[in-house]
Amino acid sequence: MSPESRKLLNIIILGIGFMFMFTAFQTSGNVAQTVISSLNSTSFHGSGYTSLAIIYSVFSASNLIAPSIVAVIGCQMSMFLSGLLYSAYIAMFIQPYTWSFYTLSVLIGIAAAVLWTAQGSCLTINSDDTTIGKHSGIFWALLQFSMLFGNLFIYLAWKGEINISDSDRRTVFIALTVISLVGSVLFFLIRTPESDDAQEDDISNSAADAEGTMSAQSCFAKAIDAFKRSLKLSITKEMLLLSILVAYTGLELTFYSGVYGTCIGSMKVFEADAKSLIGLSGIFVGLGEVLGGGLFGLLGKYNYFGRNPVVILGVVVHFLAFYMIYLYMPSDAPIASREGTYLRAFINPSKTIALACSFLLGLGDSCYNTQMLSILGSLYPDNSAPAFAVFKFVQSVSAAVAFFYSNYLLLHWQLLILVIFGFFGTISFFFVEWGLTRRSQYNSM
């Protein structure tokens, strides 16, 4: 097998591994609050929203130490061990306890930072300037399929269920745990790409022997340097402007991945189909993500009009989804009790409207994320690692904040926050894109 084919195979394995892991994890996140509300045990007092807030809070802080962990144990082992912690979190729902629920929420926050740092390193190692776009598109598409498969399983498993029984919960989460473990094991199939220059290995080995005890000091110095560059980059004008939209992506991530499914599941108007609609909603979010990822990721090289039109599409479809949700969904849906809500909004709700909103949420999310990754790569080609570290930090902090307030705010207040950040974030993105375009035109003169 040629080196290029080996690298492509590694990317495919990486994408399939993440697809399995996040099929299990995202499905767990979508149904966590609904499952907890249906628990028969009175000794469990956890909150799915609080758990996800803890995960994203710890994830934010752990981005500072994740590169050091990956440097010490390597990409492959980092992804495998992180995958085991993901599996442990999912397995906890088989027999949940409050202490294990929140303890694993902390551990999986650390695992998430290590996992995504290792993923970025693995993608870079197996790509070059001519293949990074294609490889990123392949990985994105495979990852987004995770939204489809797990939620299809939930839809089929819970169709017709009003309350989730203990046996149904155990069956679902045993299956999800196995799926997550399969994804973790797949990382061991990734092989280090062969060097085009055989002498490079000899030079590297000789250098490693010569450095001896200096290696640890060198790694520490590199970690400190990367941390300093991240701090400097975070206060640049472009990054401060982009941070508004990055924060919005964290807020809307919380909404479509945790809050919206819970709202659907709490609506008594859907009767026996309410719980299974959670899974079907996740499927339609995934369809929107895959469609957007294909159009703006894999076909991005044919985009001659810049990034602004795609971002405009994103804000239009998201605001349309928010308006429809405001019209059909009762305001107490996010914080309804186990019995659900009997309130009505302004129009009669329907499954068609609910699923159409799910699709629009996924499509809009893919618009924002593909263009955000693109503009960061264009702005900071020589500082991509610090740039994406800042991106993940801001996104995860805003997601954590959103999960905290989701426990208390009525739906219309949550939608208002999304609209405000979405509007001003889009405007700030335009300013950065226009500045980048003018700079490119000036350099080409």
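Every residue, even glycine, has its Cβ placed from backbone N, Cα and C.
The N-linked glycosylation site feature in Swiss-Prot is assigned to Asn40, Asn163. Taken from Swiss-Prot, the feature transmembrane segment covers 8-28, 53-73, 74-94, 98-118, 138-158, 170-190, 239-259, 277-297, 309-329, 345-365, 385-405, 415-435, and the record attributes it to sequence analysis.
Contact counts against the transmembrane segment (53-73), taken as Cβ pairs under 8 Å, peak for 385-405 among the stretches 138-158, 345-365, 385-405. By the Cβ criterion (distance under 8 Å, sequence gap of 6 or more), the transmembrane segment (345-365) is counted as touching the transmembrane segment (309-329), at least 3 such pairs being found. As a quick check, the transmembrane segment (385-405) and the transmembrane segment (239-259) clear the bar of 3 or more Cβ pairs under 8 A, pairs 6 or more apart, so the two touch. Counting Cβ pairs under 8 Å to the transmembrane segment (239-259), the stretch among 8-28, 170-190, 277-297, 415-435 with the most such contacts is 415-435. Beyond its flanks by at least six residues, the transmembrane segment (74-94) meets 17, 21, 24-25, 28, 32, 35, 100-101, 104-105, 107-108, 110-112, 114-115, 117-119, 121-122, 125, 169-170, 173-174, 176-177, 180-181, 183-185, 187-188, 190 of its own chain at Cβ-Cβ distances under 8 Å. When each of 8-28, 170-190, 277-297 is checked for Cβ pairs under 8 Å to the transmembrane segment (138-158), 277-297 comes out on top.
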